[in-house]
Amino acid sequence: MAVFLEAKDAHSVLKRFPRANEFLEELRQGTIERECMEEICSYEEVKEVFENKEKTMEFWKGYPNAVYSVRDPSQSSDAMYVVVPLLGVALLIVIALFIIWRCQLQKATRHHPSYAQNRYLASRAGHTLPRVMVYRGTVHSQGEPSGHREAANSPQVVLGPSRGGRTTVRLESTLYLPELSLSRLSSTTPPPSYEEVTAPQESSSEEASVSYSDPPPKYEEIVAANPGADK
């Protein structure tokens, strides 16, 4: 449905009502206070108008419609002087605790060897070769029978279990040297030197007189030379 009005009726509907300062409305510059009172301003808008931090903070502190509060930059710098030393002290405490823990760990490992070292020592002890123990036994008296002496002088082999599932063989025997043999060993002449052994030997006079080209002696000659051989 279209509605058409005459000019007089149309002006009565689309009429503009001017303000109280009708003539000075366009000449008078608006202030930030009036604009922020009529509307809700943000901190960035106030900062663009004043272009000064001190004036901006002064207006913002007294502004009733402030949506959020803005901290003073000087207060944040003061807080840094408190936070930084606290962080440094906390870091030093953590480093000290780590050093103490490392020292305690090293002491514990020195007193108690590791599992790998224990296995190495156990395997090394299990693969050791059997030992042959030779000791000097007591000298028996002359009145003992020869059977006991032979039993005492004969070696004894003892078998026993060992580590690693193997058997150890222990040879027990009594080794001693009589005094007579010691005296004989001390009175014997030393062996000849290398020069004496390698020196050319001189042939004796008997060997020189015997001629190997002569025929062997006969049986009668041998019997005549040794008459007591037949007896």
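Every residue, even glycine, has its Cβ placed from backbone N, Cα and C.
Residues annotated as compositional bias 'Low complexity' in Swiss-Prot: 202-213.
Annotation comment: Swiss-Prot describes C36-C41 as disulfide bond. A 10 Å cutoff on Cβ-Cβ distances gives C36 (disulfide bond) a total of 20 other Cβ atoms nearby, all chains included.
The annotation domain 'Gla' is assigned in Swiss-Prot to 20-65.
Taken from Swiss-Prot, the feature 4-carboxyglutamate covers E22 (among others).
Feature annotation from Swiss-Prot assigns 4-carboxyglutamate to E25 (among others); the stated evidence is sequence analysis.
Residues or ranges marked as 4-carboxyglutamate by Swiss-Prot on the basis of sequence analysis: E26 (among others).
Taken from Swiss-Prot, the feature 4-carboxyglutamate covers E33 (among others), and the record attributes it to sequence analysis.
Marked as 4-carboxyglutamate by Swiss-Prot: E35 (among others).
Other C-beta atoms found within 10 angstroms of the C-beta of E39 (4-carboxyglutamate) number 9, with every protein chain shown included. Summarising the annotation, Swiss-Prot assigns 4-carboxyglutamate to E39 (among others).
E44 (4-carboxyglutamate) falls within a helix when secondary structure is assigned with DSSP. Contacts of E44 (4-carboxyglutamate) defined by a Cβ separation under 8 A and a same-chain sequence distance of 6+ are given as none. Feature annotation from Swiss-Prot assigns 4-carboxyglutamate to E44 (among others); the stated evidence is sequence analysis.
Among the features that Swiss-Prot reports, 4-carboxyglutamate is placed at E45 (among others). Listed in sequence order, there are no same-chain residues at least 6 apart in sequence whose CB falls under 8 Å from the CB of E45 (4-carboxyglutamate).
There are 11 other Cβ atoms within 10 Å of the Cβ belonging to E48 (4-carboxyglutamate). Residues annotated as 4-carboxyglutamate in Swiss-Prot: E48 (among others).
Sequence-distant contacts (6 or more apart, same chain, Cβ under 8 Å) of E51 (4-carboxyglutamate) do not exist in this structure. Per Swiss-Prot, the feature 4-carboxyglutamate maps to E51 (among others); the stated evidence is sequence analysis.
Residues near E54 (4-carboxyglutamate) in space but far in sequence (CB under 8 A, at least 6 apart, same chain): none are found. Annotated 4-carboxyglutamate per Swiss-Prot: E54 (among others), in sequence order.
Neighbour list (E58 (4-carboxyglutamate), Cβ cut-off 8 Å, at least 6 residues apart, same chain): empty. Among the features that Swiss-Prot reports, 4-carboxyglutamate is placed at E58 (among others), with the record citing sequence analysis.
The region 'Disordered' annotation in Swiss-Prot covers 140-165 (among others).
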Measure the Cβ-based neighbour count of C41 (disulfide bond), defined as the other Cβ atoms within 10 Å of its Cβ.
20
